[in-house]
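Pulled from Swiss-Prot:
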- G37, P38, S39, G40, S41, G42, K43, T44: ATP binding site (BINDING)
- 4-235: domain 'ABC transporter' (DOMAIN)
Amino acid sequence: MEIIKLDHITKQYDDGFVALKDINLELESGKFYSLLGPSGSGKTTILRIIAGFTEASAGKVYFDGQDITNLDASKRHINTVFQNYALFPHLNVYENVAFALKLRQRPESEIREKVKDALHTVRLDGYANREISELSGGQQQRVAIARAIINEPKVLLLDECLSALDKRLRKEMQFELRAIQKKLGITFIFVTHDQEEALAMSDEIFVLNDGEIKQSGSPVDIYDEPVNDFVARFIGDSNILSGRMIRDFAVEFAGKDFECADAGITPGEKVEVVLRPEDLDITAPAAGKLLVTVQSQLFLGDHFEIKAIGQDGFEWLIHSTNGVQIGQEVGIFFDPEDIHVMRLGETEEEFDARLETYEGED
């Protein structure tokens with residue numbers, strides 16, 4: 001069931017800067033969505049328009065089928081967890097979480113019960129009387145979430161709310177946020193520039209750049225099938241090579257012809273080819289599909305990050321559980337399904353239509 005719809009949303013500021021360009025998206029109830037992109041991509045502007053903090057220059061915002069474009073933020077069934085959490089330092093945990101209910105003059109017995117339930121949901125039982133200054137960053141974030149969910153919103157917006165935490169806490173809170181969302185069954189819209197966060201938590205990701213949605217889909221679809229150079233580079237590490245389509249399921253790059261899994265592209269058309277570093281296997285030279293010479297390697301704990309130069313001068317990035325010798329010539333092997341072919345300038349709609357066409361011919 002659709003809960004949020006943005007219909008041809010544009011945002012242009014007084015100085016002429018266009019932050020959003022004809023944004024269209026539909027969000028279903030009870031899912032975890034991420035708006036992913038670099039600084040200035042428009043992701044936070046979308047969040048603020050949904051929340052009612054920023055007015056769109058054009059277009060409509062719908063909530064549960066109702067036009068809320070001009071509805072005051074305080075009247076929307078939407079709450080926000082801000083990047084800095086926006087907790088009141090002079091109030092303790094209980095008072096922070098209870099704040100919205102006290103403003104609405106709810107009975108004290110109801111407030112106590114709801115604060116207890118909210119703190120239990122975020123695993124802060126026994127913290128009600130703690131001062132905010134006594135809490136860790138992760139605990140402060142949980143208080144902010146408890147405060148945001150206490151009045152049972154239908155949608156929770158989270159604006160870069162993991163960015164201030166260290167790596168270990170960020171990982172921990174990824175699991176926490178996903179668990180909270182599933183327990184509550186409400187729609188989460190999470191803004192981030194961190195592709196790992198988006199991939200780990202989301203049901204669906206919207207990748208933004210320059211005020212436009214470049215691609216949307218499940219984490220697996222976006223990682224395995226990027227529609228353009230920007231998405232391929234922004235979502236994970238990639239080897240991106242210039243190539244030429246030979247025919248359906250055959251492509252040329254690095255001076256050789258390879259079997260691939262792509263079709264629906266004109267024979268002879270120039271394309272870009274994506275190979276993920278973790279899909280490349282290091283072999284003996286004779287067993288590889290291409291030969292490369294190792295230039296450097298870094299041990300990153302669970303794998304080696306290896307840079308190597310191909311015979312055509314292309315610099316390859318390879319992730320391997322086995323180390324190699326600097327200067328060593330090795331082979332690299334990959335399967336046809338590991339090769340992803342991108343048409344130059346193809347939109348997401350054109351990519352989807354092509355995919356449906358050749359999959360329908362199987």
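The backbone N, Cα and C atoms fix where each Cβ goes, and this holds for glycine too.
Distribution of Swiss-Prot features across the structure.
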{"residue": "G37", "record": "ATP binding site", "Cβ contacts under 8 Å, 6 or more apart": "K43, H193, V207, L208, N209, F234"}
{"residue": "P38", "record": "ATP binding site", "Cβ contacts under 8 Å, 6 or more apart": "H193, N209, F234"}
{"residue": "S39", "record": "ATP binding site", "Cβ contacts under 8 Å, 6 or more apart": "H193"}
{"residue": "G40", "record": "ATP binding site", "Cβ contacts under 8 Å, 6 or more apart": "D210"}
{"residue": "S41", "record": "ATP binding site", "Cβ contacts under 8 Å, 6 or more apart": "L208, N209, D210, G211"}
{"residue": "G42", "record": "ATP binding site", "Cβ contacts under 8 Å, 6 or more apart": "K11, A19, L20, I23, L208, D210, G211, E212"}
{"residue": "T44", "record": "ATP binding site", "Cβ contacts under 8 Å, 6 or more apart": "D159, E160, V191"}
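Within 10 Å of the C-beta atom of K43 (ATP binding site) sit 28 other C-beta atoms, taking all shown protein chains into account.
One way to see the shell of the ATP site is to take the Cβ centroid of G37, P38, S39, G40, S41, G42, K43, T44; the remaining same-chain residues with a Cβ within 8 Å of it are T45, H193, L208, N209.
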